[in-house]
Structures are given as structure tokens and as C-alpha cells.
Amino acid sequence: MEAENLTELSEFLLLGLSGAQLQPVLFGLFLSMYLVTVLGNLLIILAVSSDSHLHTPMYFFLSNLSFVDICFISTTVPKMLVNIQAQSKHISYVRCLTQVYFLMMFAGMDNFLLVVMAYDRFVAICHPLHYTVIMNPCLCGRLVLASWFIIFWVSLVHLLLMKRLAFSTGTEIPHFFCEVAQVLKVARSNTLLNNIVLYVATALLGVFPVAGILISYFQIVSSLMRMSSTEGKYKAFSTCGSHLCVVSLFYGTGLGVYLSSAVTHSSQSSSMASVMYTMVTPMLNPFIYSLRNKDVKGALGRLLSRTASCP
């Protein structure tokens, strides 16, 4: 079949996760996970915005993380649910590239926010007397805006490079959404430049943030080791527990996706690893922060009690 540029309206075929017999089960499972994710993260945002006790840099970044997680899971799951319900595997060329763009942007924002939150914990524990001066509202806002600015342009470069590729009509993507690496594999034109840019961006936006997190926690641990009070050590490090859990979950599932696609050639195992990355991680983040954090639990309790008392 001759390759042709799909600048005009055309479609890809998303092969999904399994055969037709499991589609109703997957529909119910993924719909439940999506609703739990949206509700949980929305409650975190409402709790932080409505409770003055949570108007601090740490919870400002947390509310931004919850917002990004809602957008992240909303990029893929609604379309997948529609396809399962309609028993269709089609996705338009434009929607596929849109998924690629927003997936990269929101995944990158998750990455940046976790680094910023690690820096916030570093300042709070290693420089507590200067915390309010360093982590002022202006700096917090600039850090978030700079993160959006960087990832906007990085994602846009990938999108523009993908628009120059050619695909065959009816191309099958062995996934349940349009992931950049999977789309590049089925392209019918040279993807060398795309792959180079992808690897460079992954290195810059992956290695450096991870290094920043590791350096921050190295400094935190060093500072805690110098503390004489065991209770003080525990109290200081307990504020990092939720962040460490989220970091481990985010990078652990991300590494699982990479290894499953690089080591094995099974599209099924790669898709299952992507479910963990794109659905399970955003769903668990609000539970990790609410269950391990007394301030968030208290704010959620006050929010729910005010909601219940309203006529």
C-alpha cells in the first residue's frame, strides 16, 4: 500500500488491550478508575483552594499536580471509553496528533512539578528560617509558569516534526492511545530526526529532573543526619513521605513502560505497562497525599462537612 501524507482527514486504528469478550469488563474498570481519579484530584484542588491553612507553596504545587493529573488521564481515557462502547477502533489523524501533544505536555508537567516539590522540601528542611523568603508566591508562580513554557515548546516541536511524516491509510497502532514512540514505529517515512529529538528531549527532561530530585534528597538526608533530636528527624522527613511515594510511583511506572517497549516486542505487555503509567498513577496520587497528610485530611473533612451542611 502506497504511503501518503495524512495532512487531510484520515484515521488510524487503535488495537486496544484485548479481544471483544473483555471489552465490557475493561469499560467498567477504566470508567471507574477515571471517575475516581477526577473526583480525588478535584477534591485535593478544592481542599487546597478553600482552606487557608493550605495556602503554602507545598500545597500550591500539589494542587497544580492534581490539575495536571486530571488533564493527563482525560487526554486518553474518554476516547478509549467511547471506542469500547461504540465497538470502534478508529481515531482521526488530527485527534491522534492532539493526543500525542497533550500526553507529552502533561507528562512533562508532572515531571517538572515533582522536581519543584522536591526543591520546596529541600528549602523547608535545610533552610527553614529562610523558607518564607525563598519560597515566596512570586517564585512559586514563576516556577510553574516556566515549567508550562518549557514543556509547551518541547511538545510543539515534537508535534511539528510528526506532521511531516507519512502514514499508510488505515495504519494500525498496537496501543489504546496514540503514544509518540508507537506512532513513530508505524510511520512510512524516515523518522531519524524525530527519534533523535525524542531521545534528546527524554534525556534532558528525564535525567536532569531525576538528578535534581536526588540532589535535593541527598541534601535533605545530610541535614537530617546532623539533627540531634530523633523526633525532629521524623517530623521533618515525614513531610517528604508523600512526595517520595509519588516520585517512586511516577518514575517506576515510567521506567516500566520504557523497559516493556525496549526489552519485549509484545504490544500487550507494553499496553498494560502504559495503563499503570497513564491511569493508575494519577488515580493513586490524591490517595497518597490525603492518607499520609494530616493537613490534607483535615481540610478534606472540613470541605465535606461544609458541603454536607449546605441545603
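Residue 1 is the first one shown; counting continues down the chain.
Backbone N, Cα and C atoms are what each Cβ position is placed from, and that goes for glycine too.
According to TrEMBL, the protein carries these features:
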type	residues	note
TRANSMEM	25-48	transmembrane segment
DOMAIN	40-289	domain 'G-protein coupled receptors family 1 profile'
TRANSMEM	60-81	transmembrane segment
TRANSMEM	101-119	transmembrane segment
TRANSMEM	139-161	transmembrane segment
TRANSMEM	196-218	transmembrane segment
TRANSMEM	239-259	transmembrane segment
TRANSMEM	271-291	transmembrane segment
Task: Give, as a single whole number between 0 and 100, the mean pLDDT over the domain 'G-protein coupled receptors family 1 profile' (40-289).
output: 85
Non-local residues, at least 6 beyond the ends, that sit with Cβ under 8 Å of the transmembrane segment (271-291): 16-17, 30, 33-34, 36-37, 40-41, 43-44, 62, 65-66, 69-70, 72-73, 76-77, 103, 174-177, 179, 242, 245-246, 249-250, 253-254, 256-257, 259-261, 297, 300
Field: Beyond the flanks of the transmembrane segment (196-218) by 6 or more, those residues with Cβ under 8 Å of it
entry: 108, 111-112, 114-115, 118-119, 121-122, 151, 154, 157-158, 161, 180-181, 184, 240, 244, 247, 251
Beyond the flanks of the transmembrane segment (60-81) by 6 or more, those residues with Cβ under 8 Å of it: 14, 16, 27, 30-31, 33-34, 37-38, 41-42, 44-45, 48-49, 91, 95, 99, 102-103, 106-107, 109-110, 113-114, 116-117, 120, 140, 144, 176-177, 246, 278-279, 281-283, 285-286, 289, 296
